[in-house]
Amino acid sequence: MARPGSGLLVPKNGVGYPPQNLARVVVWEWLNEHGRWRPYSAAVCHHIENVLKGDARGSVVLGQVDAQLSPYIIDLQSMHQFRQDTGTMRPVQRNFYEPSSAPGKGVVWEWENDNGSWTPYDMEICVTIQNAYEKQHPWLDLISLGFCYLIDFNSMSQTNRQSQRKRRLRRRMDLAYPLIMGSIPKSQSWPVGASSGQPCSCQQCILVNSTRAASNAILASQRRKLHTGTAGNSGGTGTHTTVRQSNTFAGTSLWSPTSDSSGTNNNNISVGGGQSKAEQVKSPLSSANFHSSPVMPSLSSSHGHHTLTINRQNNLNRPGTQRISMGTTRGAIPPGVPALPVKNLTGSGPVHPALAGLPVCLTRAPKPILHPPPINKSDMKPVPGVNGMRRKTKKKHLKRGKNPEDVVRRYTEKIKVVQDEDCTICMERLVMSSGYEGVLQQKGIKPELVGKLGKCGHMYHLLCLVAMYNNGNKDGSLQCPTCKTIYGEKTGTQPPGKMEYHVIPHSLPGYSDSKTIRIVYGIPAGIQTNEHPNPGKKFSARGFPRHCYLPDNEKGRKVLKLLIMAWDRRLIFTIGTSSTTGESDTVVWNEIHHKTEFGSNLTGHGYPDPNYLDNVLTELSAQGVGEDNLKD
């Protein structure tokens with residue numbers, strides 16, 4: 001059913017960019033903690049584009065178009081999304097797709113989660129599914145996009161290849177995403193510079209970032225080899241390889257011509273194109289290992305030609321997409337045999353051997369060592385310097401602060417002479433009335449009143465600060481939306497549960513001279529309260545008890561003490577949407593990274609990781625749990 005060479009959509013003129021008058025659909029996306037870009041809705045993207053036309057360095061208040069996004073603001077200058085109530089910052093990017101693709105037509109593909117609600121696919125997966133649907137393919141294999149799912153269009157279902165679990169999926173029509181004309185700007189994601197911030201430096205995020213950068217460097221090397229030694233072999237009978245370079249970390253990327261590979265009798269489809277009887281290969285960069293969704297290889301054969309494609313059906317979605325072709329005699333990899341990861345030249349992360357031009361090891365990939373050997377209860381000892389071995393949060397929630405007006409007045413002082421600058425909450429000038437005038441009415445606070453926060457000195461409309469407080473946890477604390485300075489004691493919305501901690505007689509990789517602190521979190525499923533996203537609705541608690549590990553040394557014990565404090569303040573977990581499974585109304589981590597892999601670091605959640613303890617101390621400090629809170 002697949003058309004010959006359907007995965008090789010490469011311009012033949014070899015120009016550096018698509019035509020300058022080419023129309024493109026704009027999709028704004030945010031990066032979750034697992035390296036996956038999640039799209040905003042079409043309505044939100046229209047709103048962002050409208051603000052962008054007026055002020056390319058301004059801020060976008062997402063709550064103006066979607067009430068569920070009211071805590072979020074996008075800073076267009078640094079290209080980050082900021083959550084006002086928690087201080088969480090995430091990179092955003094402005095992505096481009098063809099007008100004929102799913103976002104250009106307003107088509108949304110979704111899968112049904114455990115709660116019976118619908119979760120949209122990542123945009124590039126949505127585009128791929130729509131392409132196969134329009135070509136009337138009966139099914140679609142998503143393994144080459146990093147997911148072990150089979151899409152069946154006849155039954156409109158998604159099947160997990162490993163567990164054989166089926167879920168319903170649906171196709172619905174929504175507002176089309178905004179359309180732009182003219183030249184396409186470079187990607188603005190991951191801004192670099194002191195004023196724009198840096199991406200997360202934890203090991204699991206570094207894995208995702210370094211892999212992309214390493215892959216781009218390897219592709220550049222292969223391109224040089226192509227022009228010097230293998231240009232004349234592209235028409236041979238060996239393997240024809242098509243690869244994709246991401247422009248997330250690269251600068252300007254060019255389009256290079258490539259020879260086409262045709263075949264006949266094509267009667268199925270593999271994502272990214274290919275020929276008949278597609279044989280799938282599981283990459284070490286799968287989402288199961290790295291909690292991200294990098295492109296996966298698909299190996300196909302027809303009439304003596306082998307095509308290793310690492311691309312998408314819609315190759316023109318991103319302006320930085322590049323294709324290179326090279327002749328090689330590498331044999332086919334047997335189906336279902338994963339390849340071992342190899343280090344790149346800098347040793348900063350694993351890349352697929354096929355990308356690096358290295359021999360592929362046909363042995364089973366090692367499994368992560370998540371837990372230590374069995375331990376008797378008598379071998380579990382208290383942590384030196386830490387009282388007790390467990391903490392428990394009660395169903396009676398922490399005492400809330402006073403009314404919003406009292407909280408705002410406690411941490412601010414009125415300003416009589418107001419400077420002519422923007423209030424970064426409502427984006428109105430401080431000399432004007434608050435943007436919440438008429439929307440929010442608070443006795444004793446006039447919309448034109450301006451206050452200055454005591455520690456950092458940043459100024460806002462008092463009514464805007466009240467609105468921000470009402471939008472958060474209402475725990476009696478404030479957090480400056482500009483510098484994230486916390487006023488008061490910040491608490492979270494973690495459900496009731498228990499935290500246990502003890503020393504076990506085993507060592508972590510990289511800490512052979514120390515024993516190990518094991519933390520065990522336990523949270524049962526329950527009913528959401530007024531402080532949660534959907535009060536009165538059930539929430540799930542997957543993966544509990546969760547086991548985490550720290551070295552039993554001075555710094556490890558310091559981290560444990562602060563984690564206990566964060567637990568008491570209900571900051572370790574929250575209720576939201578899982579970035580791994582897409583399930584909503586479930587217990588998820590709350591921006592404080594934990595190491596859940598005991599004896600290895602295959603997933604990025606283990607040891608050795610020499611920077612982890614310093615990184616988690618920084619994350620705890622950002623939540624208002626700093627070393628200055630510890631008693632001597």
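Note: Cβ is positioned from N, Cα and C throughout, glycine not excepted.
As recorded in TrEMBL:
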DOMAIN    14-94  domain 'WWE'
DOMAIN    95-171  domain 'WWE'
REGION    224-323  region 'Disordered'
COMPBIAS  292-302  compositional bias 'Low complexity'
REGION    371-403  region 'Disordered'
COMPBIAS  389-401  compositional bias 'Basic residues'
DOMAIN    423-484  domain 'RING-type'
* To do: May I have the DSSP-based helix, strand and coil counts for the residues of the domain 'WWE' (14-94)?
  => 19 helix, 28 strand, 34 coil
* Asked: Under the DSSP assignment, what numbers of helix, strand and coil residues are found in the domain 'WWE' (95-171)?
  -> 19 helix, 29 strand, 29 coil
* Residue counts (helix, strand, coil, in that order) that DSSP gives for the domain 'RING-type' (423-484) -> 9 helix, 10 strand, 43 coil
* To do: Check the domain 'WWE' (14-94) for me and report the mean pLDDT.
  => 83
